[in-house]
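As recorded in TrEMBL:
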- A:69-74, A:103-107, A:127-128, A:K140, A:K149, A:167-170: NAD(+) binding site (BINDING)
- A:E182, A:H245, A:H262: Zn(2+) binding site (BINDING)
- A:65-177: domain '3-dehydroquinate synthase N-terminal' (DOMAIN)
- A:179-323: domain '3-dehydroquinate synthase C-terminal' (DOMAIN)
Number of protein chains: 2
Amino acid sequence: MEQLEVDLGERSYPIHIGPGLLEHGERVRAGIRGHQALVVTNTTVGPLYAERVEQALAGLEVERVELPDGEAYKTLDQLDPVFTRLLERGFERGATIVALGGGVVGDMAGFAAACYQRGVPFVQVPTTLLAQVDSSVGGKTGVNHRLGKNMIGAFHQPRAVVIDTDTLATLDERQFAAGLAEVIKYGVIGDADFFAWLEEHMGALTERDPAALTTAIRRSCEAKAAIVAADEREGGQRALLNLGHTFGHAIETGIGYGRWLHGEAVAVGSLMAAELARRLGWLSDEEVHRIEALTVRAGLPTRAPADLSRARFLELMRVDKKARGGEIRLVLPTAIGNATVTADYDPEALAATLDEHHALPARSVSRG
Amino acid sequence: MEQLEVDLGERSYPIHIGPGLLEHGERVRAGIRGHQALVVTNTTVGPLYAERVEQALAGLEVERVELPDGEAYKTLDQLDPVFTRLLERGFERGATIVALGGGVVGDMAGFAAACYQRGVPFVQVPTTLLAQVDSSVGGKTGVNHRLGKNMIGAFHQPRAVVIDTDTLATLDERQFAAGLAEVIKYGVIGDADFFAWLEEHMGALTERDPAALTTAIRRSCEAKAAIVAADEREGGQRALLNLGHTFGHAIETGIGYGRWLHGEAVAVGSLMAAELARRLGWLSDEEVHRIEALTVRAGLPTRAPADLSRARFLELMRVDKKARGGEIRLVLPTAIGNATVTADYDPEALAATLDEHHALPARSVSRG
């Protein structure tokens with residue numbers, strides 16, 4: 001097992017990575033101090049893993065709430081069953097919420113923990129690759145509004161992140177590939193060596209080789225932990241983690257939550273950012289090609305949905321947490337291994353990028 | 001005009017108290033840094049004061065949302081119009097929410113500010129006595145759940161609190177008296193001199209004498225600011241501010257939000273706490289009598305609703321943010337001017353207090 005630390009002073013917490021962490025539940029149990037725990041999971045993950053977690057918590061007062069599965073249900077009103085259960089069972093300020101599932105479960109359960117009695121502890125037990133390498137670390141929690149993704153939320157750090165790599169065995173292909181999009185992101189924004197390592201090991205990763213997966217997860221979590229420790233509330237460099245997310249959120253909101261997975265939208269969004277950077281002369285053709293090739297090998301889409309017009313894209317992109325003074329601020333790569341947040345680009349280049357990306361037929365698998 | 005400061009390091013903020021602060025809106029304007037402001041108010045206060053506030057904000061992009069008036073509407077789903085407006089108008093992370101109204105508006109608008117894009121600035125412009133002396137200061141925000149009051153929320157400090165004492169002129173008698181309940185509370189929990197001052201000046205206060213009101217508001221805000229600065233997140237002494245609130249929340253939840261005003265429930269709850277303290281030998285008959293006499297002079301009820309049984313009271317009191325290990329922790333006065341938070345009391349004494357208070361007919365005005 002590997003262990004990292006997210007260094008945030010008195011809110012610091014460990015990230016445990018390895019096989020069998022749910023089978024042998026000490027790490028989950030160690031994250032809980034009170035005598036009450038609510039496992040929040042969904043109808044897909046709950047039947048697979050909730051009993052293991054609950055066994056690890058034997059002796060505590062344990063409850064379980066299963067949310068419906070999918071981004072479409074990541075809404076404020078879907079939190080009501082969580083609050084209702086907490087209150088019905090008399091759960092107190094010392095109670096811990098355990099988020100067992102993917103990014104949607106982690107965001108929702110974490111936000112419920114941020115709000116219940118103005119804040120109770122929570123532990124992240126991510127079971128998708130995307131949640132393991134990205135969303136479970138760093139304390140961003142929240143839900144979607146029909147007019148914008150993740151627009152209602154809180155910064156609320158977990159007490160621990162427990163990543164059982166065995167859970168990836170049950171993950172479907174699409175979900176797995178979606179996680180790889182965020183892994184690739186870390187290479188593009190800050191680590192050319194890791195990007196090169198990914199080019200070498202993408203085959204092993206898509207075959208779910210345990211050693212390769214553990215390395216990819218560890219290096220992703222290291223990158224995330226370092227950025228979060230330096231900029232917890234996204235005043236600066238943390239925004240780099242949003243490579244592809246402004247384009248991606250526009251896709252997710254524009255076509256309706258749940259049609260594309262978040263990681264799929266981020267993959268396409270990252271390529272759009274790379275394409276825009278190429279038009280600006282910041283990235284070479286070859287660099288764009290390398291990013292696109294790696295994305296294809298990961299099994300990810302490379303083109304935006306054909307039904308999103310340039311105008312609609314721009315409208316949706318203006319609703320973004322990075323926006324200031326109506327400008328669309330974007331994370332753009334300046335090399336493989338380097339990126340910047342900027343609104344200082346030629347808007348014609350953005351327009352051309354959007355036109356190209358929405359006009360071309362998808363080269364990758366088509367998605368409902 | 002008087003000015004205090006809530007000392008919270010980089011989250012410190014001023015409290016301005018005086019007449020005409022909305023007519024001359026500089027203080028409201030000074031609390032806003034960005035170029036967008038959303039005034040959140042209700043259907044009662046909005047028509048009276050929103051235009052003045054909006055004039056003070058001339059030059060900014062200003063929107064207004066009017067919520068329905070009353071505690072019954074302090075729910076998660078009633079926040080949707082706020083989020084929808086913010087998103088429809090493209091309000092960004094630098095946008096400021098202005099809470100114009102009483103405690104319900106302040107709590108809801110503050111919670112919306114805590115959650116929108118994971119936190120935007122807000123300014124409190126309290127227009128009821130209760131909000132001016134208590135709820136607008138200290139950063140507690142949130143909404144009710146049908147199973148418990150203020151159970152969903154956040155700590156989110158305002159950038160400024162602007163208290164225009166002129167707004168009290170339009171406050172109805174019941175709302176005014178409800179505010180006095182929280183004023184009396186500061187005397188009971190920590191300031192025997194202030195309590196004596198209130199005994200001397202209750203006549204002037206109920207006649208809404210401007211000088212007496214300004215003094216009462218200032219001293220209340222001073223007390224609140226000192227406690228919040230020492231214990232922002234209620235790890236210790238801040239809990240003293242909840243004198244009467246565990247009993248009071250049980251009343252509000254038990255009979256249905258909105259039937260009693262929060263301050264009315266707190267008044268009765270404080271008397272129940274005093275009565276319990278008397279039974280424990282901590283408070284003399286005379287001290288209890290002084291608190292009750294001041295409560296009566298303020299125009300407040302002194303007895304719990306007759307339809308709340310002892311068993312129901314106890315059940316509701318166990319759902320309290322101060323609860324630990326199933327115990328009901330209470331704020332109990334140990335003298336006029338001193339109080340403690342404890343679960344170390346004879347439960348029979350609590351039972352007897354509940355029996356007496358729910359069995360007797362109300363001595364004060366009857367309330368629907």
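Each residue, glycine too, has its Cβ placed from N, Cα and C.
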Exercise. Could you give the number of helix, strand and coil residues in the domain '3-dehydroquinate synthase C-terminal' (A:179-323) as assigned by DSSP?
Worked result: 105 helix, 0 strand, 40 coil
Exercise. What's the CA-CA gap between A:T128 (NAD(+) binding site) and A:H245 (Zn(2+) binding site) in angstrom, rounded?
Worked result: 19
Seminar exercise, completed: Reduced to three DSSP states, the domain '3-dehydroquinate synthase N-terminal' (A:65-177) has 47 helix, 34 strand, 32 coil
Exercise. A:T128, A:T167, A:T170: which of these binding-site residues has the sparsest Cβ neighbourhood within 10 Å?
Worked result: A:T170
Problem set entry | Pairwise Cα distance for A:H245 (Zn(2+) binding site)/A:D69 (NAD(+) binding site) [Å, integer] | 22
Exercise. How many Å separate the Cα atoms of A:H262 (Zn(2+) binding site) and A:D69 (NAD(+) binding site)?
Worked result: 14
For this session: Look at the binding-site residues A:D69, A:E182 and tell me which residue has the greatest number of other C-beta atoms within 10 angstroms of its C-beta.
Result: A:E182
For this session: State the Cα to Cα distance, in Å, between A:T167 (NAD(+) binding site) and A:E182 (Zn(2+) binding site), rounded to an integer.
Result: 18
Problem set entry | Residue from A:D69, A:A72, A:G103, A:T170 whose C-alpha is spatially nearest that of A:E182 (Zn(2+) binding site), among the binding-site residues | A:G103
Problem set entry | Neighbourhood of A:A72 (NAD(+) binding site) by C-beta distance under 8 A, where only residues 6 or more apart in the same chain count | A:G256, A:Y257, A:G258
Problem set entry | Candidates A:G103, A:G106: member of the binding-site residues with the richest Cβ shell (10 Å) | A:G106
